[in-house]
Structure formats: structure tokens, C-alpha cells
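Presented below is the structure to which this report refers.
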Amino acid sequence: MAASKRLVVSCLFLVLLFAQAYSQGLKVGFYSKTCPQVEGIVRKVVFAAMKKAPTVGAPLLRMFFHDCFVRGCDGSVLLDKPNNQAEKSAVPNLSLRGFGIIDDSKAALEKVCPGIVSCSDILALIARDAMVALEGPSWEVETGRRDGRVSNINEVNLPSPFDNITKLINDFRSKGLNEKDLVVLSGGHTIGMGHCPLLTNRLYNFTGKGDSDPSLDSEYAAKLRIKCKPTDTTTALEMDPGSFKTFDVSYFTLVAKRRGLFQSDAALLDNSKTRAYVLQQARTHGSMFFSDFGVSMVKMGRIGVLTGQAGEIRKTCRSAN
């Protein structure tokens with residue numbers, strides 16, 4: 001038993017070393033000599049798109065998260081495959097929007113510096129610029145990723161709105177992210193929409209006895225039941241009522257009042273570390289949230305990256321070369 005435990009620890013250590021070695025290929029300003037205009041070009045495309053459709057910001061942020069949590073941040077969520085067998089066809093990814101913004105950014109970059117900038121780096125830059133366009137935080141994006149060639153619908157196993165705190169912590173730890181990263185990145189729910197099927201269970205049949213989730217504020221639950229009938233599959237709900245188009249700190253105030261929309265939001269109160277962060281940000285009006293969010297986004301952007309000679313630089317983001 002002791003030998004097998006040592007073997008497991010040794011394997012985990014090697015995995016971490018491997019991940020660190022790969023992430024060392026990332027740096028801020030990776031394209032400073034080969035394509036110095038990259039950030040300006042991407043920002044221009046993103047800001048123009050966000051001016052027309054500000055609600056695309058939340059799906060763009062989720063797209064980066066969904067990419068990094070499956071095969072690492074390699075742009076695999078962008079790939080198309082015959083018969084809808086790519087990651088983007090998996091149920092959690094069907095609500096993603098903004099793929100055209102990645103296409104437009106790539107096309108603009110190919111005109112200026114062809115074959116240089118990866119689609120995975122473009123997605124990382126877009127996630128940051130979309131948040132800035134929503135009056136949210138900015139951070140320095142590390143670049144140097146290369147693109148993967150594989151995208152498989154059957155590999156999509158993402159953290160769920162229905163998850164409890166133990167499952168969420170384990171999922172994030174498996175990617176090298178800790179409890180603080182979990183609660184900080186959950187703060188991304190300050191923007192965007194959810195849909196009734198994701199909380200019908202919380203409202204009408206939480207334990208199979210026709211009851212509602214006791215962790216959900218009863219007044220808020222009553223308001224939600226007016227909007228979401230048991231068979232409603234289409235109605236959209238603001239994740240952060242009143243400011244779902246603005247990246248701000250009010251999400252934590254809502255969670256502290258037991259008004260988080262999903263079970264995964266409510267779950268943040270079930271762990272001492274995540275609960276302490278929620279209450280601190282609610283009390284201090286998010287004094288550290290913006291800077292913390294940037295730190296956690298950089299950490300997430302290092303998950304399973306391909307650098308050096310691994311992977312490729314795609315000519316178009318929807319298909320491997």
C-alpha cells in the first residue's frame with residue numbers, strides 16, 4: 001500500500017513538472033517581435049463586436065474557460081468536425097457564442113502577420129478584452145500557446161451548475177487551481193444569462209418531494225418561480241439581476257444573500273475558504289476582486305498549454321492544418 005501511494009505521488013509530481021515545463025513557454029509579449037500589432041488588432045475587433053452586441057461578452061469568457069478545462073488551453077473548442085462530433089457540439093457548449101469574433105480576429109492577423117498567432121492565444125486575448133469592454137478588469141495576457149489538432153465531443157466533462165462544493169473543488173484542483181481560483185472565477189457569473197432548465201430542480205423538486213432548495217432565499221425563489229414554470233425550457237434569466245451586462249462585484253453580494261442562481265453559486269457558502277472570500281467581497285464591495293480575477297485568469301490560461309514545437313499554428317481557427 002505504501003509503495004502504491006508513493007507511486008501515485010511520484011506520478012502526480014511528474015504531471016505537475018510536465019505542466020510547469022510547458023507553461024514556461026508562455027510570456028507576456030511573446031509576439032513583440034513577430035507580430036507587435038497583435039493586441040491592438042484583436043482589441044479593435046472585440047470592441048467593435050461588443051459595441052453591437054454587449055451580451056456576447058459572457059459567452060466569450062465561458063468559451064475560454066470551456067476550452068482550458070478540456071485538453072488545456074489549445075483552441076480545441078473552436079474546431080469544427082463532421083457529424084457534430086467536436087467539443088462545441090457538446091451540450092454545455094451549445095450556448096457559446098462569438099465564434100465569428102475569433103474568425104474575424106484571426107483573418108485580420110493573417111493579413112498582417114500570416115502563420116504567426118495561434119487561435120488559442122487569440123481566444124485568451126479576446127476573453128480579456130471582452131471583460132474590459134464590459135467595464136471589468138484588465139490583466140496582462142501571457143501568450144505563446146500553440147493550437148491542438150483534436151476536438152472530441154466525448155471528452156467534454158466540465159464543472160456543472162448542479163455541482164456541490166466538493167465536486168467543484170476537486171475539478172478545479174485537477175487543473176492546478178485552488179479554492180480561491182474557484183470562488184474568484186465563479187465571480188464571472190456577474191455577467192450573462194442562465195436558463196430555466198438549469199434551476200427548475202432547485203425551484204420545484206430539489207429532493208424529489210416537490211420542494212425547493214433550502215439554500216435558496218425563499219423570496220428570490222418565489223420570484224424565480226413566476227418566471228420559470230416547471231416545463232419551461234427557453235426563458236433566460238439574468239445571472240446578476242440589474243447589472244448582467246456590466247462586469248462588477250454585485251455577484252458576491254447576491255451569493256452572500258443566498259441569491260446565487262445556480263447550485264454551484266450557493267455551494268460557495270459551503271466551504272470555509274470560498275465562503276470567507278464571498279463575504280469579504282460583499283462586505284468590502286469587491287475591493288480585491290478585479291485584481292484577483294486577473295491573477296486567476298492567468299493561472300487558468302496556463303492549463304495544459306502546447307508550446308515550442310508542440311501543436312501547430314492554425315491557418316483558420318475552425319480546422320486543423
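Here the Cβ of each residue, glycine as well, is placed from N, Cα and C on the backbone.
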Open item on the list: Just confirming the record: what cysteine out of Cys113, Cys119, Cys196 does TrEMBL connect to Cys35 via a disulfide?
Closed with: Cys113
Task: Cysteine of Cys68, Cys73, Cys119 paired with Cys317 via disulfide, per TrEMBL - done: Cys119
Task: Cα-Cα distance linking Cys119 (disulfide bond) and Cys73 (disulfide bond), given in Å to the nearest integer - done: 10
Open item on the list: With Cβ-Cβ distance below 8 Å and at least 6 positions apart along the chain, what are the contacts of Ser76 (Ca(2+) 1 binding site)? List them in sequence order.
Closed with: Asp67, Val70, Glu87, Gly148, Val150, Ser151
Open item on the list: What whole-number Å value do you get for the CA-CA distance of Cys196 (disulfide bond) and Gly72 (Ca(2+) 1 binding site)?
Closed with: 30
- [ ] Round to a whole number and give the Cα-to-Cα distance in Å for the pair Arg62 (site 'Transition state stabilizer') and Asp240 (Ca(2+) 2 binding site).
- [x] 16
- [ ] Would you please pick out, from the binding-site residues Asp67, Asp74, Asp240, Asp248, the one with the fewest other Cβ atoms within 10 Å of its Cβ?
- [x] Asp248
